[in-house]
């Protein structure tokens with residue numbers, strides 16, 4: 001077992017062009033036309049703009065005639081959009097200026113983000129409205145409805161008004177008014193929350209672009225000077241949108257308000273309530289009913305749809321389960337369609353918008369708008385169950401899946417009947433549900449999902465969820481409620497399996513950005529040092545426990561630890577799951593967060609526990625741990641990567657499974673000269689490229705490092721491993737020196753005085769050869785008598801002066 005193979009000589013899609021189709025949504029841009037792609041979606045084509053940082057040099061041309069972009073508001077979208085625009089336009093003559101009321105509580109937040117009165121990037125809202133050439137109106141729906149007349153009056157002729165939601169148009173349509181005829185009106189609607197728009201923009205900036213970001217829908221509602229399209233697309237590109245999809249302002253507000261009242265929020269809420277009662281009435285325990293109704297939907301069903309589309313759900317069932325899916329689908333489609341048709345009519349007619357406006361008015365008179373959602377028994381039970389939920393035991397439930405897919409398909413068909421764009425339909429019926437909203441419910445419950453949305457969405461959910469609940473209970477889940485004949489059911493299923501939405505989703509899934517939104521909840525600090533802080537955290541969407549290493553990022557350099565960890569995929573190396581950037585308290589502070597798998601202990605911690613109890617580690621465990629570390633080092637060294645800080649603290653250990661994983665490919669403090677600075681430890685060694693010698697923790701430093709070598713090899717890791725090996729056998733460090741010189745003395749006590757040839761092999765440039773002549777101490781006398789001789793022999797081969 002100990003006779004290991006030596007580790008070193010010391011001892012060891014671009015989119016296809018589309019054919020002509022019946023309906024084409026397109027961009028006509030003077031600036032970006034060469035970058036517009038044509039996407040085939042079933043029987044239609046849509047032109048989309050693929051963004052990226054390589055388009056930033058085109059922004060001054062896109063923003064022709066714009067000297068100042070005014071960002072009005074500081075809610076969810078405004079902070080992200082203002083900062084992204086500012087960063088994208090850096091080095092141009094275009095100013096980005098935030099406009100807020102003089103008494104706004106958001107003024108300190110805007111200043112903290114780098115917008116100040118002194119730099120003329122922060123000012124009074126009315127002044128910014130009047131002086132800006134492009135005004136991004138990013139205030140709440142209620143605020144826009146109450147103040148639009150004053151806002152319109154302040155805009156200068158020829159200015160471009162930018163919106164991120166079509167709600168204001170819906171209100172104007174409902175009261176018979178319109179936008180001023182002297183201005184451009186455009187929309188860029190990012191398909192995600194504001195913080196994600198900023199976070200993924202920063203992530204893309206640190207990774208030379210990529211496709212991290214939030215896709216956006218773009219609309220040109222009114223163009224008075226021929227510049228509106230370029231202004232809109234320039235805005236979307238500057239926000240960092242990986243892809244921009246065409247829509248209209250009218251279609252956007254109808255599909256958005258309709259979608260959130262339908263399957264995105266109100267529909268799924270009502271469906272789960274109905275299914276929960278149904279399963280309880282069938283005799284399931286409340287816990288089983290909740291898992292089958294809620295957890296199954298937001299867990300495995302949501303994941304399957306997100307990754308593979310709707311048809312994959314049908315294909316996942318066989319036999320009796322497939323029959324149950326078919327029965328659920330055919331019973332739920334028409335009741336869902338009935339409610340969804342009514343919702344669309346209410347939105348398109350303006351009734352739904354008037355309802356929201358009236359609710360806001362009632363609140364102003366002292367009547368509360370929102371009832372609390374989580375006080376119902378079912379959702380209280382869910383909160384208790386989530387604390388002990390085992391995600392691996394959640395299964396697809398055919399009835400839940402059938403009814404949920406039926407509701408999605410009904411929503412899709414309603415939007416198709418009103419000629420909405422395919423990409424918009426896919427997003428508002430499927431993608432936003434699976435990738436954004438359902439994960440919130442899975443992590444924290446329905447209230448957490450609904451009440452993280454806009455007031456408009458929150459009101460609509462509370463209004464329409466009970467309608468879905470009642471209708472599905474009466475028509476789909478009651479005995480005799482479904483009166484369709486077998487032929488009608490067969491035809492309904494045939495329409496589902498052959499539906500064009502499946503091709504549309506296949507295309508849209510390919511256009512999704514790499515940077516999927518994930519939410520973390522930090523629980524406690526598990527590491528703290530000069531490099532930064534390590535937190536134990538939970539992924540809210542899955543309840544998975546992870547470790548997050550947060551380090552201050554020097555914007556001048558790339559993070560080597562992140563680059564190296566992305567290359568390493570091995571069972572005995574801690575895995576990098578994700579990474580993201582966040583801002584610090586100061587405007588120029590940027591932190592990198594490395595999300596890694598969580599391992600509960602370290603080899604150091606376990607060894608210390610044994611030491612305190614005056615016990616030695618069992619030989620069988622020493623063998624197992626050293627074998628795993630050898631495998632990991634053999635892998636990293638084969639890729640030319642040297643860890644340069646192997647020590648028990650950097651060897652994570654699961655005491656239950658006894659799996660060891662190397663961690664911390666990050667940073668050490670280098671203080672050879674003032675001032676102190678931090679440098680990466682792990683490195684891909686290059687021939688004839690000098691390396692720092694002040695590396696590796698003291699007890700585990702190879703002698704060539706102590707001798708000041710800069711042209712060393714991965715053999716320094718093998719020396720460190722030999723020191724760890726010996727420490728596990730002895731129960732204490734092999735070479736416990738208090739300084740570099742002291743460390744060398746401890747090594748000489750065991751290995752004897754190095755010869756001139758050995759010193760030259762370690763560092764040819766070392767000239768101080770005066771050492772007392774000490775004979776080598778037999779390794780057999782260093783360890784206890786019962787130590788296996790094979791183990792001693794392996795350590796002796798690892799701990800040799802000559803690294804070659």
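Along the chain as shown, the residues are counted starting at 1.
Note that Cβ sites are derived from N, Cα and C of the backbone, with glycine treated the same way.
In TrEMBL, annotation is done automatically, which means it is predicted and not curated.
Annotated features, as they stand in TrEMBL:
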- 46-247: domain 'KARI N-terminal Rossmann' (DOMAIN)
- 248-392: domain 'KARI C-terminal knotted' (DOMAIN)
- 256, 260: Mg(2+) 1 binding site (BINDING)
- 256: Mg(2+) 2 binding site (BINDING)
- 520-804: domain 'Protein kinase' (DOMAIN)
- 550: ATP binding site (BINDING)
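Across all of the domain 'KARI N-terminal Rossmann' (46-247), the predicted model scores a mean pLDDT of 92. The two recorded residues residue 260 (Mg(2+) 1 binding site) and residue 550 (ATP binding site) have their Cα atoms spaced 35 Å from each other. Across the domain 'KARI C-terminal knotted' (248-392), the DSSP tally of helix, strand and coil residues reads 114 helix, 0 strand, 31 coil.
The distance from the Cα of residue 550 (ATP binding site) to the Cα of residue 256 (Mg(2+) 1 binding site) comes to 36 Å. All chains included, 27 other C-beta atoms sit within 10 angstroms of the C-beta of residue 260 (Mg(2+) 1 binding site).
Once Cβ contacts within 10 Å are tallied over all protein chains shown, the binding-site residues 256, 550 are led by 256.
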